[in-house]
Amino acid sequence: MTSATAQGKINLYFQVGPRLENGYHEVLSLYQAVALTETVTVTPSSSWSVNTTSDLLDTSGAPTDQSNLVVRAALALAQQAGIKNPQPMHFEVEKQIPVAGGMAGGSADAAASLVAINEAWCLGTDFPQLMAVAASLGADVPFALMGGTAIGTGTGVKLSKQPDLDPLHLVLLLNPKPLSTAAVFERFDALGLGEKINEDLSLAELVSQLGHNSLSPAAFSLMPELKELAEKDFGFGKAWLSGSGPTLWYRCETQSDAEKAADELRALGHSAISTSTSNMGSRLV
Ligand code: ATP
């Protein structure tokens with residue numbers, strides 16, 4: 001039995017360019033890990049299987065078959081290592097990151113799976129090679145492996161590690177309705193929202209525009225009730241969209257302010273979590 005963890009993320013700044021001919025979008029992303037942790041435990045088994053649990057969340061949207069990113073990550077690592085008939089594994093996934101919330105929960109699971117499988121199969125795949133496999137799995141997987149704070153360019157997989165920022169205290173307002181990342185990008189293209197990417201922006205300049213997210217108008221257009229919610233004044237500052245949504249985040253002064261804000265939102269019937277930023281990346285536990 002081998003376990004590894006990875007953190008969820010928010011984009012503190014997220015600029016998205018117009019759709020390229022290959023269907024991808026260039027981005028400029030200030031990725032920040034948060035203290036919500038996914039734990040993936042792998043055990044050799046007679047067939048590939050996944051079980052997802054959570055103390056906090058509804059995880060029914062997470063696939064139980066081989067389309068789950070934990071299995072896809074293991075198979076991609078096997079291929080990279082030249083293993084033709086990999087040992088089937090059972091995956092226990094313990095989730096703290098909302099499913100389809102724009103916080104890269106599936107990507108964190110994939111990153112933790114890579115680290116756990118690398119150890120369980122004694123592959124000795126080094127970090128740069130793991131990063132290459134991660135990039136083949138999805139735009140947010142390399143960051144989930146790296147963690148901390150990083151600037152992502154290209155499609156988001158070209159990462160430049162940044163010094164740790166001062167801790168931020170956050171409250172996350174979850175939405176019971178999922179929002180498909182693909183649908184948000186489609187609406188983004190239809191509305192012609194692509195921005196000119198300015199890769200020269202420094203960390204300080206990105207931090208000074210904390211919360212900017214090119215995808216917000218597209219997510220709000222697809223889900224008008226999310227726009228209404230984001231515009232509601234709960235008394236703790238502006239709401240920002242996390243990734244492609246529908247999770248909203250607010251910045252609070254202190255951890256206790258964030259906890260109080262989450263309590264207030266829950267008292268109003270919303271689903272909310274308080275958390276802080278994290279300097280951690282994916283690792284064995
Ligand atoms: P991102 O921001 O990276 O686009 P997200 O955080 O909005 O993604 P995820 O929780 O990663 O959303 O899930 C997106 C979709 O991926 C889910 O609807 C589900 O069908 C699929 N998926 C595959 N593997 C997983 C996993 N381990 N956990 C959750 N979803 C998964």
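Note: Cβ is positioned from N, Cα and C throughout, glycine not excepted.
Automatic, uncurated: that is what TrEMBL annotation is.
On a predicted model such as this, the values are computed, not experimentally measured, just so you know.
Per TrEMBL, active site is recorded for LYS9 (among others). Long-range neighbours of LYS9 (active site) (same chain, six or more residues apart, CB within less than 8 Å of its CB): TYR31, GLN32, ALA33, VAL34, MET103, ALA104, ALA108, ASP140, PHE143, ALA144, GLY243.
Annotation source TrEMBL lists domain 'GHMP kinase N-terminal' at 68-148. Taken residue by residue, the domain 'GHMP kinase N-terminal' (68-148) breaks down under DSSP into 45 helix, 6 strand, 30 coil.
Under the heading ATP binding site, TrEMBL lists PRO98, VAL99, ALA100, GLY101, GLY102, MET103, ALA104, GLY105, GLY106, SER107, ALA108. GLY106 (ATP binding site) counts 27 other C-beta atoms within 10 Å of its own C-beta, drawing on all protein chains shown.
Per TrEMBL, the feature active site maps to ASP140 (among others). A 10 Å cutoff on Cβ-Cβ distances gives ASP140 (active site) a total of 28 other Cβ atoms nearby, all chains included.
Residues annotated as domain 'GHMP kinase C-terminal' in TrEMBL: 202-269.
Each of the binding-site residues ALA104, ALA108 was scored by the other Cβ atoms within 10 Å of its Cβ; the lowest score goes to ALA104. Break the domain 'GHMP kinase C-terminal' (202-269) down by DSSP state and the numbers are 34 helix, 8 strand, 26 coil. Checking the recorded positions PRO98, GLY102, ASP140 against ligand 1, the ones with a C-beta less than 6 Å from an atom of that molecule are GLY102, ASP140. Mean pLDDT, taken over the domain 'GHMP kinase C-terminal' (202-269), works out to 96 on the 0 to 100 scale.
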